[in-house]
């Protein structure tokens with residue numbers, strides 16, 4: 001089999017995005033458009049992957065740091081043919097080259113494989129048929145149905161404007177012919193650019209077989225030139241991902257109200273309520289329930305756990321049969337064993353919480369290690385930061401922490417101890433004992449509140 005090279009054209013400025021961010025770095029599905037195109041390209045196992053960059057090149061290369069990518073600069077944006085010419089020195093003289101676009105993010109790998117296969121005897125172009133082909137290059141065929149040329153919209157005759165089959169821009173080309181064809185391009189057109197599409201006519205003149213492959217859906221070939229189009233493709237992507245979840249057995253309260261900005265793995269009988277956002281790598285075990293308006297980023301949740309509405313979890317691990325929220329926040333480094341309860345307005349960061357422990361109300365747990373079957377009362381805080389350094393709180397098994405307790409780290413509460421409500425614990429507490437650290441209650445007879453002066 002011929003070796004396959006892939007060239008991704010990503011040099012455009014994107015004026016209509018009205019942004020200092022290069023167009024190909026605008027996100028879709030939680031990652032830059034260019035990153036998504038690269039990921040799709042890799043599914044074809046190319047021997048070489050070249051990205052042609054131009055506008056905002058430093059930003060693009062800083063964001064996409066894959067070591068195996070070959071970078072080719074197009075200092076002046078003189079058209080797609082000129083862009084591919086910039087990649088030519090990096091391509092082998094044999095095999096095929098697949099040309100993709102950094103602002104066309106939703107093309108499926110299976111479609112590109114069909115395009116590659118169609119070019120087995122020469123070159124191939126990926127096409128689509130649109131009800132309204134305005135703005136697109138038209139596929140001009142002869143009486144025998146064979147492709148003869150691609151004519152850009154601005155250069156079309158009235159008869160050609162009636163053609164509905166359009167060029168998506170993606171094509172597969174024989175490397176042995178590339179240098180000659182690209183050198184033969186001229187910019188004698190309405191745009192004054194070197195069109196890659198003119199290669200098709202050169203191929204026909206040279207007697208090279210030109211075939212076509214079609215997309216399965218028009219959104220596969222849809223490009224992004226402005227924020228409206230980006231938003232439209234984002235919704236299409238999210239709808240596709242939601243449908244895939246439904247087909248795999250996940251229950252979605254409303255498929256139109258879920259956003260997946262990364263990879264979501266799941267077990268059986270998972271249910272997700274409305275308005276949830278999944279970012280990065282998220283893994284949900286069997287029978288996990290996610291309540292409305294939760295945000296999960298890089299988390300792993302074991303089977304049977306329920307996340308109540310409006311909870312935020314990031315870089316956290318949650319054990320089986322836990323109850324989280326509502327309005328709970330698990331920050332990076334939170335590790336919960338099984339059957340843990342984290343209630344409303346509780347924040348946990350860089351802490352391990354043991355089997356069956358509960359932190360149910362209005363509390364902060366940071367830089368802590370909590371044992372099994374611990375109860376942390378409402379309004380309790382691990383005071384872990386002195387303004388410069390952070391310190392650890394250790395709570396042993398079966399400790400009961402009364403409401404409103406401040407634990408000033410570094411401090412250790414030994415197993416089976418009880419802490420009286422309202423205590424400020426700054427020293428280690430002994431096992432199995434009651435510790436109370438608060439001022440004695442005092443009543444001042446006859447005390448009066450200060451009064452505001454009248455007038």
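Cβ atoms here come from the backbone N, Cα and C positions, even for glycine.
In Swiss-Prot, the acetyl-CoA site is described by 378, 384, 385, 403, 421, and among 372, 415, 438 the residue recorded at this site is 438.
Taking every protein chain shown into account, 103, 152 are the binding-site residues, and of these the Cβ with the most other Cβ atoms within 10 Å belongs to 103. Neighbours of residue 102 (UDP-N-acetyl-alpha-D-glucosamine binding site) among the binding-site residues 225, 378, 384, 438, defined as a Cα within 10 Å of its Cα, are absent: none qualifies.
For the pair residue 9 (UDP-N-acetyl-alpha-D-glucosamine binding site) and residue 361 (active site, proton acceptor), the C-alpha distance works out to 53 angstrom. Between the CA atoms of residue 225 (Mg(2+) binding site) and residue 12 (UDP-N-acetyl-alpha-D-glucosamine binding site) there is a gap of 10 Å, rounded to the nearest whole number.
Within the set of binding-site residues (12, 79, 102), the lowest number of other Cβ atoms found within 10 Å of a Cβ is recorded at 79.
By the criterion of other Cβ atoms within 10 Å of the residue's own Cβ, the least surrounded of the binding-site residues 9, 421 is 421. If you take the C-beta of residue 385 (acetyl-CoA binding site) and look for same-chain residues 6 or more apart in sequence within under 8 angstroms, you find 366, 391.
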